[in-house]
Structures are given as structure tokens and as C-alpha cells.
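For reference, the structure discussed in these notes is given below.
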Amino acid sequence: QLCPALLQMSGSQPQGVRAVPCLRCRGLCTGFEPHSWRKICKSCKCSQEEHGLSSELDDDRKVGRLLSGSRHASLTARLKGGDGARLYKRNRMIVTNPNISGKDPTFDTITYEWAPPGLTQKLAMQYMELVPKELQPVAGTEGALQRRRRLARQLPLHDQDPAQCRGLAEGEQQLMQDFVKRYKAEALGVGEVALPGQGGGGKEEEKPQEKSIDPSTAPESPNGTLESTAGNYRCESCRQPLPGDCPVVFAERAGYSRQWHPACFVCCRCREPLVDLIYFWKSGAAWCGRHYCESLRPRCAGCDEIIFSEDYQQVEGLAWHHKHFACVECETLLTGKPFTLANASLLCSTCSQSR
């Protein structure tokens, strides 16, 4: 358990691009070779996110673009002398712990690549301790790497920037721009961390059983202390009681009467933790960006982009742009031809037999 002597919170501190080998191939890949329209490596067929190609600055630009023009634009800033794009003011947390085991005290410094903004020192650390250790975004650990991989998967840039799309036909750019503008206005949100019942600065609409009790009339527990009313708060996901002294997550679009354990604030479709608490609210549930967009429009299994045409190819619940309905090995178009489907990838008869 950490006992921080110093807690420093600052904005993003981007670093340069670091070449990361394909995490799935584990050294078998000769290096990332971009495909002309698929979001994969031509060499190993793994996704771009498996190669860790984006820099921290790329990530902060992407999230900045997503949040700009939304109710969460305050989490972005325009860099002086930049291209006018908004940059995500990612909150980093630096914790310095004294190590007094030797004669001369030293200090151990831990950097969290992201932490919920606007919290006290104590609450920020309590939040992190409620997140599974393997998911804590401590710099240089698997948790930090997993955060960036979730950022790439849950919030793909080609779901918000038409310039990043290769599947858009003439005239569909405006359809996509309208799509993005609509989800920013109607669904996009960023979770807030506070103690139970204190989300939104105390905006929660109190239910009768959750109203404060006069200490003089509050029931006593068996050990003689006053019984806490915190048991009236329950996690929206697991329905377990929420201790009154532990931080929880609120989603403004859900209403402040709902709250989640930090580890329970996940996408309703993929069950992955929502990266940096960025969510999309629909049908009474929180979604990651990827699955929210897919719930409204089909996604091409070839190029991974949202399909805005009403004319596309469908096979076994998957969708493709007609021009992307092709063999993953030889790129032969397969419309009207025999094919096999393996792990969401199309194979022509020849390539299927040679595998």
C-alpha cells in the first residue's frame, strides 16, 4: 500500500515514437509494413495496435480531437504555434515515496500515465488501488501498455476523422462528419470520480432511503459505533454495496444517482475497462467508442471502418465494403466467387487450400 509523501499532477508530457515489436508475433514479424487499406501489417497480418506505432503525442491529439466540440472540451487545450488542433490535457500522476530502510533516505518515484483529474491526493490513490494492479497505468509496466492498446482499440481515429478513412465513397465524408457530430452531442461522456453520493458536486437526486440521518437517531452497530448509511449505494454493474469512503465512478449522461466501482465501469459489449473513463451512453448502458459506433452502423471486416453506404456485402453477421470483399492473402475480389471465412478473414479457394 502506497503512502505518498508527494503527489504531483500535471498535463500531458508527450514522448517520441518508440518502435515496439509486434506483441502477438513475439519476434516472428520482420517489422511493421503498412497495408494500403487494411489496418494491418502486410508482413504478419496483425493489427496496427499490436505494433504500438502511435506516440503519446499521437494519442493525446486523437483524444483531443474526440473531446473537442463536446461538453468535455475543457479537457483539451490548443498548443501555441501548433496547427490549431486540440490536445488532450491528460492528467498524469507522479507519486514520490520515501524509502528509509537505509541510513540515508531515498525516494521511489512512480508515474501513472493517466489518473482521474481534479481529485485530492488521498482520493486519487484510493482510486488507483481499486483498479486491478495489472491494469494500473504505471509508466513502464504492462498496465501502461494495456491502457494504450485499449485507447487504440476503443477509440480508433478512423471512427472520428474522415481523412483517415479509405472506404468512404464520394459524398460520404459529410455523412461521417454528421455521424461524429451527432455522437459527440448525444452520447460521448467522460466519467467522474467522487465518493458515493457526491457526483456532480452533490447533484445526485436523493432517494428517500439515501437521505442523511440525524446522528442522534442513527442506529448503532453491534460494536457501538454509528451505522453508516453508505450501504444504500450500490454499484450499477455488480449491485454490491459501495463503501462511503471509497471513490466511485459517475457518468453524467446516466444521471448522478448511478455509480460504479472503478473496476466495474466497463463497456457493456466487450466488458473491457473504459479507457480514461471515456464512454458512450446508449440504451441505459455505457459503451466503448468502437462498439457504440458499431451499434449504429456496420463496420467493414476488411478495413475496420464504419460503412456509410446502404449497399454492402454481408456474410454470417459480418459486413464488408464491396471493394474490400477480398481474400486476405492474395487480395482477389470474391464477389460471386467461392470463399471460406476463417476468424473473420476471407480466403479464396486457392489460398484456403494452401494454408
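Any Cβ shown, glycine's included, is placed from N, Cα and C.
Taken verbatim from TrEMBL:
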- 93-200: domain 'PET' (DOMAIN)
- 194-226: region 'Disordered' (REGION)
- 202-213: compositional bias 'Basic and acidic residues' (COMPBIAS)
- 214-226: compositional bias 'Polar residues' (COMPBIAS)
- 233-298: domain 'LIM zinc-binding' (DOMAIN)
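Secondary structure of the domain 'PET' (93-200), assigned with DSSP and counted as helix (H, G, I), strand (E, B) and coil, comes to 49 helix, 21 strand, 38 coil. For the domain 'LIM zinc-binding' (233-298), DSSP puts the residue distribution at 17 helix, 16 strand, 33 coil. Within the model, the domain 'LIM zinc-binding' (233-298) shows a mean pLDDT value of 97, rounded to a whole number.
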